[in-house]
Amino acid sequence: MAVTGACTNKKLYLAAPRGYCAGVDRAVVTVEKALEVYGAPVYVRKQIVHNRHVVETLEGRGAIFVDELDEVPDDALVVFSAHGVSPQVKKEATDRGLRTIDATCPLVTKVHHEAKRFANQDTQILLIGHAGHEEVEGTTGEAPENITLVQTPADVDGLALDRDRPVAWLSQTTLSVDETVETVDRIRDLHPQLIDPPSDDICYATQNRQHAVKQMAPQCDLVIVVGSKNSSNTGRLVEVALESGAKASYRVDNAGEIEETWLDGVSTIGVTSGASVPEALVQGVIDLLISKGWPPAEEETLIEESLSFALPPQLRKRRTTAK
């Protein structure tokens, strides 16, 4: 992955794929389209995606973000975020007569369906994920009596499971692929008959972005990951960069958060971004680094992504392009 035409030993690499995934694009466009069709305000339960810039931009267009439905006025329109909600939240909205649009990523919805199917078979479900994350809360709500949360491989040894009932595992869609494999292997050591989900729960975009960083990181003195602090998949990219050989890796919301000391003695920098990050924020980082003497970025595409998801039924007649 050589940089051509640069009269310097400095190198700048740009990982691909990066940034928006199909689920994020669908969720952001859902709010934009709802504002266009129904007018402001449009309420959104939780952040539509975990990116500060996206949320602030939508707020400027008339979206109002709330933590819970009791903050939403009667008869208002509310959008459920890409991370999904529990059946209890949907019932609360129905009971109050709120108009709703569900922007849950279809890949998260798939995990919800798997949880319900396993629960209907009286299967114990080990959900690998992060406590407090909206996606984990939504999935747990589908089968609360069957699901036990497992956050790390170390949690496995303390599990108290019924040996007479089957055990299956599911996962949050934005986890580290390697750590999830380690956790599943640990579970299977104790429960050899462990049942796998029908297909990977970790989404294609999470896996692709991690694989792209793995390819880039060994060549880098520094990997900069663009994304917000509360973005799970962004945090995992920092971890993957360090585990894959980068000498240092930091997360930034935008170019303004890059510290000068990070660049001291650094010649090779890699840049990537989480799945809810607009490309403009990545370009801002590239522009800053070029202004400080790095050559134009060399991009190598690991895999082309072409997946897209249909908008929620209420909004399918006309579609706008996400900015």
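Placed from the backbone N, Cα and C atoms, the Cβ positions cover glycine too.
Sequence annotations record features per position, and here Swiss-Prot assigns [4Fe-4S] cluster binding site to Cys21, Cys105, Cys203. A C-beta separation below 8 Å, combined with a sequence spacing of at least six in one chain, links Cys21 ([4Fe-4S] cluster binding site) to Cys203, Tyr204, Ala205, Thr206, Ala275, Ser276, Glu305.
Its Cβ taken as reference, Ser232 (dimethylallyl diphosphate binding site) is surrounded by 23 other Cβ atoms within 10 Å in the chains shown. Residues or ranges marked as dimethylallyl diphosphate binding site in Swiss-Prot (evidence: sequence analysis): His50, His83, His133, Ser231, Ser232, Asn233, Ser276.
Sequence annotations record features per position, and here Swiss-Prot assigns isopentenyl diphosphate binding site to His50, His83, His133, Ser231, Ser232, Asn233, Ser276 based on sequence analysis. Of all Cβ atoms in the protein chains displayed, 27 besides its own lie within 10 Å of the Cβ of Asn233 (dimethylallyl diphosphate binding site).
The local packing around Ser231 (dimethylallyl diphosphate binding site), expressed as other Cβ atoms within 10 Å of its Cβ over all shown chains, amounts to 25. What Swiss-Prot lists as (2E)-4-hydroxy-3-methylbut-2-enyl diphosphate binding site is His50, His83, His133, Thr173, Ser231, Ser232, Asn233, Ser276.
The Cβ neighbour count for Glu135 (active site, proton donor), using a 10 Å radius and every protein chain shown, is 25. For Glu135, the entry in Swiss-Prot reads active site, proton donor, with the evidence type sequence analysis.
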Want to know which recorded positions, from Cys105, Glu135, Thr173, are within 10 Å of Asn233 (dimethylallyl diphosphate binding site) at Cα; which are they? Thr173
Spatial separation of Thr173 ((2E)-4-hydroxy-3-methylbut-2-enyl diphosphate binding site) from Ser232 (dimethylallyl diphosphate binding site) - C-alpha basis, Å: 9
Around His50 (dimethylallyl diphosphate binding site), how many other C-beta atoms are within 10 angstroms of its C-beta? 28
Check the Cα distances from Thr173 ((2E)-4-hydroxy-3-methylbut-2-enyl diphosphate binding site) to each of the recorded positions His50, His133, Glu135, Ser231 and keep only the ones within 10 Å. Glu135
Are there residues of the same chain, six or more positions away from Cys105 ([4Fe-4S] cluster binding site), whose CB falls under 8 angstroms from its CB, and which are they? Ala22, Gly23, Val24, Arg26, Ala27, Ala82, His83, Gly84, Thr173, Cys203, Phe309
The number of other Cβ atoms within 10 Å of the Cβ of His133 (dimethylallyl diphosphate binding site), counted over all protein chains shown, is 18
According to DSSP, does Asn233 (dimethylallyl diphosphate binding site) sit in a helix, a strand, or coil? helix
